[in-house]
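*Asks:* Structure below; questions to follow.
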Amino acid sequence: MDTIYALASARGKAGVAVLRLSGPQAYEAVAAFGVSLPEVRRAALRRLTWNGEVLDEALILLFAEGASFTGERSAEIHLHGSAAAVSSVLQALSELPGLRLADAGEFTRRALDNGRLDLAQVEGLADLLDSETEAQRRQAMRVFSGAIGKRTERWRSDLIRAAALLEATIDFADEDVPVDVTPEVRGLLERLISDLKREVDGSRVAERIRDGFEVAIIGAPNAGKSTLLNALAQREAAITSEVAGTTRDVIEVRMNLGGLAVTLLDTAGLRETHDPVEALGIDRALTRARAADLRIFLLDQSGEVVGLEPEADDLIVQGKADTRLTRGLSVSGLTGDGIQELVEALQDRLLARTAGAGSFTRERHRLAMERAIRAMESAHVQLMQGVPHPELAAEDLRLALRALDSLVGRVDVEALLGEIFSSFCIGK
């Protein structure tokens, strides 16, 4: 197997830059810089030389096979974070036989291949690297720490027990089986189905935390939607004008709201129009507003809600509070009056939705659990009917087991890896 190397830290000027090596020649590659090797897991300062020239002073760390991130013999070189120092060491490594620059995500791929991580942990690491908010970080850390693997292993153990009991009735069909195993199998399946359904519900919330919530600002033309968006975003994200119908397309602004990733949507004003371009913008506004997690209905002077019927958590807000007396929740994007109260109301509603978040954070997790549920429900129905053909119920349990195994990458893993590792840098 090749020994791979890459810059593991971000490019650019910094205090420290970290180079990572993994593979059978990792130690020899470090020694090629004319340094004595430190003990494993002991950092040591060494002067790196190449062709008689000092390249840099660096901290060297070695990791033994089976006790590193990748599971292979590995090394880290902590350099001064100058582009020139990093470039000189990378150039030297490229001249060594048996070494090559790592592909994107290849260190993590080797950790997966060597059993250091399961597929769900790899996804958790990808989410951790992409996390923007505290809620995303906490959720990604739960997945990266192995929460999905541990839970799946418990489910798998119970399912294997149920399958083994059912297989026994097939293997000894011509003999007297001393105990009727059907009640125990039914009980195991009922508990598993209940657990998985609860996790499916929680996964929908977890997906929203991972991807971010969408909040649409809707209302009549010139109600102040774009001004409100700018006030919430604390920057000029949308063009504002006294001319009604200025906003034609949906404007998106990503922000951190109370530790949650939120995308605010400024939409076209809702009204009857003969302008085909404006009509298209209104259609898009209604489509995005319906799909949003929450809507802010910004009222104009008429005080009428337009376009859609508000749902339970939606906020109805009186706009342009600086120009007239208002009741209830009201805001002024120009003066900032009421903005903090609106932000707090949004936070309360969105945080309440995260209370039921589970550990399963991706659509593929939810779909795999739903496949397992369907297969187990099919087996359970047959058991309730007396199992005239137990081999059919046993096949359902095998399908359920395969669905659970796909959660952690025991099966069907190759098709997913390209998509997952496409978001990794070469040093990860």
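Each residue, glycine too, has its Cβ placed from N, Cα and C.
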*Asks:* Among Arg20, Arg364, Arg366, Arg371, indicate the single residue that Swiss-Prot lists for the (6S)-5-formyl-5,6,7,8-tetrahydrofolate site containing Glu76, Arg116, Lys428.
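*Replies:* Checking Arg20, Arg364, Arg366, Arg371 against Swiss-Prot: the (6S)-5-formyl-5,6,7,8-tetrahydrofolate site match is Arg20.
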*Asks:* Report the nearest neighbour of Ala268 (GTP binding site) in space among the binding-site residues Arg20, Glu76, Asn222, Lys428, comparing Cα positions.
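*Replies:* That would be Asn222, nearest by Cα distance.
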*Asks:* Given the (6S)-5-formyl-5,6,7,8-tetrahydrofolate binding site residues Arg20, Glu76, Arg116, Lys428 in the record, what is the largest Cα to Cα distance, rounded to whole Å?
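*Replies:* Across Arg20, Glu76, Arg116, Lys428, the widest Cα separation comes out at 18 Å.
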*Asks:* Once the DSSP letters are reduced so that anything not helix or strand counts as coil, what is Arg20 ((6S)-5-formyl-5,6,7,8-tetrahydrofolate binding site)?
*Replies:* strand
*Asks:* For Ser226 (Mg(2+) binding site) and Lys428 ((6S)-5-formyl-5,6,7,8-tetrahydrofolate binding site), determine the Cα separation and express it in whole Å.
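*Replies:* Between the Cα atoms of Ser226 (Mg(2+) binding site) and Lys428 ((6S)-5-formyl-5,6,7,8-tetrahydrofolate binding site), the distance comes to 40 Å.
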